[in-house]
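So that you can see what the record holds, here are the features copied from TrEMBL:
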ACT_SITE  Glu216  active site, proton donor
ACT_SITE  Glu299  active site, nucleophile
DOMAIN    68-392  domain 'Glycoside hydrolase 35 catalytic'
DOMAIN    440-560  domain 'Beta-galactosidase 1-like first all-beta'
DOMAIN    602-664  domain 'Beta-galactosidase galactose-binding'
Amino acid sequence: MRKKMGRKSGTKTTLFFLLISLISFLAFAPVLAPLPSFSSHYSLSPRHRHHHHRKVKPRSFEIDDDKFWKDGEFFRIIGGDLHYFRILPQYWEDRLVRAKALGLNTIQTYVPWNLHEPQPGKLVFEGIADLVSFLKLCHKLDILVMLRPGPYICGEWDLGGFPAWLLAIEPPLKLRSSDPAYLRLVDNWWGILLPKVAPFLYNNGGPIIMVQIENEFGSYGDDKAYLHHLVKLARGHLGDGIILYTTDGGSRENLEKGTIRGDAVFSTVDFTTGDDPWPIFKLQKEFNAPGKSPPLSSEFYTGWLTHWGEKNAKTGADFTASALEKILSQNGSAVLYMVHGGTNFGFYNGANTGVDESDYKPDITSYDYDAPISESGDVENAKFNALRRVIELHTAASLPSVPSDNGKMGYGPIQLQKTAFLFDLLDNINPADVVESENPLSMESVGQMFGFLLYVSEYTPKDDKSVLLIPKVHDRAQVFTLCHSEDNNRRPTHVGSIDRLSSKKLGLPNAKCASNISLFVLVENQGHVNYGPYIFDKKGILSSVFLDGSILHGWKMIPIPFHNLNEVPKINLIIEVAHSRFITVSTQRELKDKPGNVSEVPAFFTGHFFIENANQIHDTFISFSGWGKGIAVVNDFNIGRYWPSFGPQCNLYVPAPILRHGENVLVILELESPNPELVIHSVDHPDFTCGSSKSSVHQL
């Protein structure tokens, strides 16, 4: 219900009226005039707006009369999601300045638990995880913040922001519920996180105007006890002055399950871009207290995510701008998701599922999202311009000037050299890290949260063909065999691959071997599921392994450690390989592939490129066209996964702060099929035309 503000009139004597007026003047009583209605076009000048404010409250951000009020004046949120953990810290200010130039006054960001606590009790708040510095920078630039601390965030981020080690706890936790064991861990995490952000609340002098509880919980469950626990926990750390909010899809069912009735928590909505927003905002009001429902689309989609093997998601600039106009033209608020997507560096990309658990769809490395500020920060594009024109119409103050796009540089071809086969490096693994078990264990159970785990067993050869069956593997397995008695210098031979979507049976070759045959199963975690009913997504071999119908026992699990964004492995194989540039003649001869085995054994390749002058250090893209599948590291920074044979992403973004004057080192782990010429190119542009997929423009 919309409150009416005004003053009652009555018949008074002139003397009494003058007396009351004098008292009011001496007491500095404000004049309360009717507020602009939602249907009016809000473009009042600062002078005019002076007559439409309430009593000024220093450092206050409130909801009343179905509007936001900042320091006592009407305020409309024109915001955008921009995630500090998808952008190098050196570029935080650059991207925020571009968001301001678009006309935004607010930034919304998630806080991924797994980034900040990659191992139990190991806390990381430095580098790309330096949330405090990001909040300080927002405050310095006069940008407000809507904080989304989870503990579940979704966000196309690995496991929706949950640390994967939660999946290793026994008995299993029930995530996103009032399970006491789960809540104890949430209490501990928020007990660390929320005191760090409390000084940055708006009423404490900082930029944070609202804090979200969970994320789209109505799409998942209806455990209201869980939501009430989070509210109580947030209030205990942040106090009663901060606005807490929920975000749910704009349907009655989602709002019924995901919101908290009353005025303790503000209920916001998201919906498909292009939907008529105002019937949904009317529905939103039913789930907020009277006068406490300013219309807010807390995720206004500027684009969409892309999975490997799909067409690159695009939305039309004019279509997106027109949808935003429908909200802003009637004084509604919106947060662009995304204003700038950034990159899923390292192994942090998430994944989705379709009709069942096996219908698995991992996200590509780029999180460009077809946002108005591109993955590399470009703003000279139709979508940025179209959205800026709409925002400018509904903003009283003039917008900042638009920065030019940052320079890009292609450093040309990079000749690679094979520096090691993956299996040759197993001797470098600390024996203490190898786990033995009768049956295969999940990655998380052996402490491997990302990347790869090698399962090793052995079997007795038969005269006829053997059949291998792995009913449940997450997410992709390459199978190899090795007969030690034939040639002690041989490497395992690739016999096939298994993944969540394919047939799980694989024929093993007849090997006339005088000893047992070693079986190697290299399993890649392609990203934990971040959304939906199958989020309890353990990785590795999750079932018994059958050989000719009998269970194969006796397994060793060998972790293959790589750098992620925020953790240093016990043995950094990448560094060892990167510094193996001086290879002896005998080693070079040893690294040559045998006929028929060129494209099937995982191997490391190293290349170097030089930047002659410091002023030539610019963003670049590494093109993997002609290669198979793997991961890439530049100057010891994991820039992410490549898979051009599946597409659509051909090139990986390399921000300039990763590069250095002089020699730069590129190391890749190619899992399948290296380019025969062993050449990779550094180019000055992105490319999403690989595989069988092509870009297409669609309307969400």
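Numbers here mean position along the shown chain, with the first residue as 1.
The backbone N, Cα and C atoms fix where each Cβ goes, and this holds for glycine too.
Curation plays no part in TrEMBL annotations; they are all automatic predictions.
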Inset, instruction - Work out, from DSSP, the number of helix, strand and coil residues along the domain 'Beta-galactosidase 1-like first all-beta' (440-560). - result: 3 helix, 56 strand, 62 coil
Inset, instruction - Output, ordered by sequence, the same-chain residues six or more apart from Glu299 (active site, nucleophile) with a CB under 8 Å from its CB, or 'none'. - result: Asp81, Thr247, Asp270, Val335, Tyr337
Inset, instruction - Please list, for the domain 'Beta-galactosidase galactose-binding' (602-664), how many residues fall into helix, strand and coil according to DSSP. - result: 6 helix, 32 strand, 25 coil
Legend entry - Nonlocal residues around Glu216 (active site, proton donor), in sequence order (Cβ under 8 Å, 6 or more apart): Cys154, Thr247, Asp248, Gly249, Asn254, Gly258, Asp270
